[in-house]
Amino acid sequence: MKVLVNNHLVEREDATVDIEDRGYQFGDGVYEVVRLYNGKFFTYNEHIDRLYASAAKIDLVIPYSKEELRELLEKLVAENNINTGNVYLQVTRGVQNPRNHVIPDDFPLEGVLTAAAREVPRNERQFVEGGTAITEEDVRWLRCDIKSLNLLGNILAKNKAHQQNALEAILHRGEQVTECSASNVSIIKDGVLWTHAADNLILNGITRQVIIDVAKKNGIPVKEADFTLTDLREADEVFISSTTIEITPITHIDGVQVADGKRGPITAQLHQYFVEEITRACGELVFAK
């Protein structure tokens, strides 16, 4: 397996990171995950635009143009012969010796790019049968719109869900539902798609954006606004979405069944529209059972 370290492809076992790298010591960096279908990137530009936007919000300079970055990632995918999978890439602020919280202004740090590509099949069974979720207080920082390497709050929530045999943790600040530990959450109520507004309390998921777009194109009303735990529990349908899980229904929350406990009709419609978008961009799909 080859991975990318700056502009070099190296064997996985030969890849190293400096112990004084600010990403390693502070989580000072940003990242993205881009999906591949049939060896082709899906919503690549949207992901990379978000990467550069996140970097700009923390005054981090990515040392490659968007065109140079795409060329590097395409080489990474080709070298590893990825058909259906994910590319994980991150950029840290770089090496600072000695370690200091303050970003130096007397010399520029050189950002460090790393990336890896892996084959990850689609999970059609999960898309249909769904999964369960727990609810958990959202204790993360207040700039969740930045796709930062700082993920400890997400990790703790996700691990708590795992310990309870749940797929996800749905996060809330008081009564207000925000998102999940590793995905966005949406509900369907009286035929309306309802999802949290794209503000600083959530990451504006690329899959979320595609879902909103196809919903509007197909006449499904969309409401981008806060909703409560009560709204969540009384919803007709609940689903989570992300680059890796596409659109996955939630059948139970905190052990309580959502509606009839099955994927709802609008969730199914939205996933079909989503698959059509993938097919247009990347070709016909093969489902993993």
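Heads up, the Cβ atoms here are built off N, Cα and C, so glycines get one too.
Features of the protein shown, as given by Swiss-Prot:
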type    : residues             : note
BINDING : Tyr31, Arg99, His101 : substrate binding site
BINDING : Arg50, Glu179        : pyridoxal 5'-phosphate binding site
MOD_RES : Lys147               : N6-(pyridoxal phosphate)lysine
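Overlay of Swiss-Prot annotations on the structure.
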residue	record	DSSP class
Tyr31	substrate binding site	strand
Arg50	pyridoxal 5'-phosphate binding site	helix
Arg99	substrate binding site	coil
Lys147	N6-(pyridoxal phosphate)lysine	coil
Glu179	pyridoxal 5'-phosphate binding site	strand
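There are 11 other CB atoms within 10 A of the CB of Arg99 (substrate binding site), with all protein chains counted.
The two recorded residues, Tyr31 (substrate binding site) and Arg50 (pyridoxal 5'-phosphate binding site), have Cα atoms 9 Å apart. When the recorded positions Arg99, His101, Lys147 are compared by Cα distance to Arg50 (pyridoxal 5'-phosphate binding site), the shortest distance belongs to Lys147.
Rounded to the nearest whole angstrom, the C-alpha distance between Lys147 (N6-(pyridoxal phosphate)lysine) and Glu179 (pyridoxal 5'-phosphate binding site) is 14. Just so you know, the Cβ of Tyr31 (substrate binding site) picks up 18 other Cβ atoms within 10 Å once every protein chain is counted. A C-beta separation below 8 Å, combined with a sequence spacing of at least six in one chain, links His101 (substrate binding site) to Phe26. Note on Glu179 (pyridoxal 5'-phosphate binding site): other Cβ atoms within 10 Å of its Cβ, all shown chains, come to 29. When the Cα atoms are compared, Arg99 (substrate binding site) and Glu179 (pyridoxal 5'-phosphate binding site) turn out to be 34 Å apart.
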